[in-house]
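Per TrEMBL, domain 'FAD/NAD(P)-binding' is recorded for A:13-306. Residues or ranges marked as domain 'NADH-rubredoxin oxidoreductase C-terminal' in TrEMBL: A:332-397. Taken from TrEMBL, the feature domain 'BFD-like [2Fe-2S]-binding' applies to A:435-478. According to TrEMBL, the feature domain 'Nitrite/Sulfite reductase ferredoxin-like' maps to A:571-632. Among the features that TrEMBL reports, domain 'Nitrite/sulphite reductase 4Fe-4S' is placed at A:643-781. The annotation [4Fe-4S] cluster binding site is assigned in TrEMBL to A:652, A:658, A:692, A:696. Feature annotation from TrEMBL assigns siroheme binding site to A:696.
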Ligand SMILES: Cc1cc2nc3c(=O)[nH]c(=O)nc-3n(C[C@H](O)[C@H](O)[C@H](O)COP(=O)(O)OP(=O)(O)OC[C@H]3O[C@@H](n4cnc5c(N)ncnc54)[C@H](O)[C@@H]3O)c2cc1C
């Protein structure tokens, strides 16, 4: 696939070889420049040549491909975006020749492009040790989407997998194999894991944590041959005479700069590879630049994305006449490998002359922390954190900004006893402090953005791009923004509307503490005016969460949104849809027949929902009670599809029928659905239960997701599909049902109490100070002492459950509301259906107009007769 | 002109729902009726039931709201608010709906409709 936009003679022709993360960032810089000068009269013509079959994607989050992210979701850009900005790009178009004199490059297809400026952004390739037998099938690497597809395919026909290399990427790859259900081994040449980033002590702890997760680690092993196995596909023979049988081998033994073009066409390279560049990312040849992982600066390759992005900016600026420079980059990292937190800052191995260490090791909690300070004990120069990286941000700021250490530096890594830690408040950071290293945003940039009119954290994110790269700085960014906002006297206004000067959370407390039972009481005591379409449903929802009374009680009826008032979902023509509860998606043939009969009798459009239920559309308001009477008599109850409350608990078929299931997911789903149905919450809630790690119920995209394990249930929270997908966070593992229910009770009630109006759990989590860790403390460790109260409040709601439709049709007064007219039994003539694919659908306005004409014609005809 | 001859009774007061709406059909026209309790007073309003933006007969199913001193109904379809006494749309300048004189005569709810 390719696009082309002809270059005009006056344009500067820029050719970019490689469309990885850095190559794309470079293009993005030029697009930004183009946009600022007006793309049409731009002086630049940009061509991108990519060896891969797709445009740039997020390699940093590549492993998420295994947890369900699609290639599209990983994409950093789209063909449309490039086309829109007149970027001429070619895919599957590796460059094979450079003619430095004629200033042209040739692609593998033989196409020749001329350039004024050439950018090499060819990245790196995985190093595969020269072991005999390394080129057989099922011997793979971990770098591209295609590699991951091959690993996926191979793991389906393999039982055991070995990762060669115990570095950062190797452990990430091992995690992927483990998640795919393989018995996983890591084979490392060095005596410890992650030897580059962590020291011996940290490595030991890391190893024991990873082994506890079931991954077998073999250190000090040099593989000599890969032969046919006796019980598995292959046998790896080690130099010490031992061996290991495996079905698949994944090489992750480091990366090498992709400098082939430079080697072949005589551009200077380093002794151990890498295209030599200066402070402007220029190679030794005029008009040829190298950026990203293929570039060697000061005899150093930077294998992280942030320094690559800096190089991209520097090279773009140089071409456009600016004079930024690349002067090296910080290689500190913080990451989570198989659930184990690891952080490494600066001189982790204390190699600097005179360096001194402070070490804290807590074997009981499996935490290891080390600080490296200079000989004067004034500056932090390095750190290693394993098992707990909560101090990382603070330590990094001390190291990067050369901030003087406090009198007893060890306090920075020791657990706080009693009082709070000597935290480094946002105010202590100098303006030069880098907050987001991916997009090179300093504290000063943030202050300037506020000066320029930004008013909130989200404004800052969109105008500076801070925190939109690896996301590691989000907590720090928030505290810098909060501090800056409060300094400016901005009080973040959270009033829900003009009638109440309170946030939803505050209203919740007012209702609960004041034991208020009606909106009138709430309005008289704490509000003004008559209320509105914002505060009334919010209050109705809070009253229901606290007291769970019948929502159509006269006191509450005028507060409900139309969907709640008529217990159905209003469609565009004013008709309603009907969704009875089908807990867990399990339904008897008899009940299915009833749904069919009702659909037929009332001529309703029927469709299967995403939540494993059946939706019947096109019922007029006056038909609702009659239809529900039939459904309730057949044993159905309301599905709350109209409410801000639990919708469905989706399930796969589970161990009862499935060959792979390890627990009864359907039974569990039904139990949970029946427990939480009717819980009114700030927004709708969706659950799912999967019977094994194959995750057919897609639980990780739900507010509450449960995945069966051999030993019980893993609980995931705060996921979301829909408009803003969010992968749920793993909250707790191998729970028994009782603990599972206890945790769900607590998580949900805490959400119900503290969330904003119409805030899904995913957004709530993103905004929860302290995030997942904090929620775990509240729920699992009961740090606020609220556990019992949250559970008993949930029990009140569960005990007060009633089928609203049953109550509504039994109650004469409520039933009266279900009519179109107070003074006539006629139906609304504006509701007109036409047929499509053997079912009804609402008529379009044009169809309605011609329908009315026909009716009139008929009437006239009748009169004439 | 208020002339007792063209007031017609549409329903009884007990058919109305406090702080909410019902709908009446008069000469094939759908009219939404609201009873609003405001500072101890009860006020009646009648407006066309047709939502010109959502294009459906649904306004009586909307939520009542106050915007400053104005009393309005928010359409259940796309939430635009219509002033109950003037019919103007508070969220879209060029949209107005019809309002009708309404009164209570001995528990009977009466509307004045043009003949
Ligand atoms: C699994 C994984 C996890 C990672 N995690 C992190 C992390 O947490 N944090 C972090 O900072 N970094 C991480 N990295 C590293 C990060 O992805 C790289 O630093 C970054 O991708 C480098 O970008 P690049 O553009 O230089 O190279 P690449 O992204 O490799 O792009 C180079 C592109 O050039 C193409 N190419 C090569 N030769 C030619 C040719 N002759 N003609 C045309 N095209 C060519 C290649 O096919 C490739 O598409 C991770 C990497 C992997 C693989």
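Indices start at 1 and increase along the chain as displayed.
Just so you know, glycine gets a Cβ as well, placed from its N, Cα and C.
Positions of the features from TrEMBL, shown on the structure.
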residue : record                        : DSSP class
A:652   : [4Fe-4S] cluster binding site : coil
A:658   : [4Fe-4S] cluster binding site : coil
A:692   : [4Fe-4S] cluster binding site : coil
Additional residues around [4Fe-4S] cluster, ordered along the sequence, whose Cβ is within 8 Å of the centroid of A:652, A:658, A:692, A:696: A:653, A:654, A:660, A:661, A:665, A:690, A:691, A:694, A:695, A:697
Candidates A:13-306, A:332-397, A:571-632, A:643-781; stretch with most C-beta pairs under 8 Å toward the domain 'BFD-like [2Fe-2S]-binding' (A:435-478): A:13-306
Selection from A:13-306, A:332-397, A:643-781, the stretch that has most Cβ pairs under 8 A to the domain 'Nitrite/Sulfite reductase ferredoxin-like' (A:571-632): A:643-781
Most Cβ neighbours inside 10 Å, all chains, among the binding-site residues A:652, A:658: A:652
Candidate with the highest Cβ count within 10 Å, taken from the binding-site residues A:692, A:696: A:692
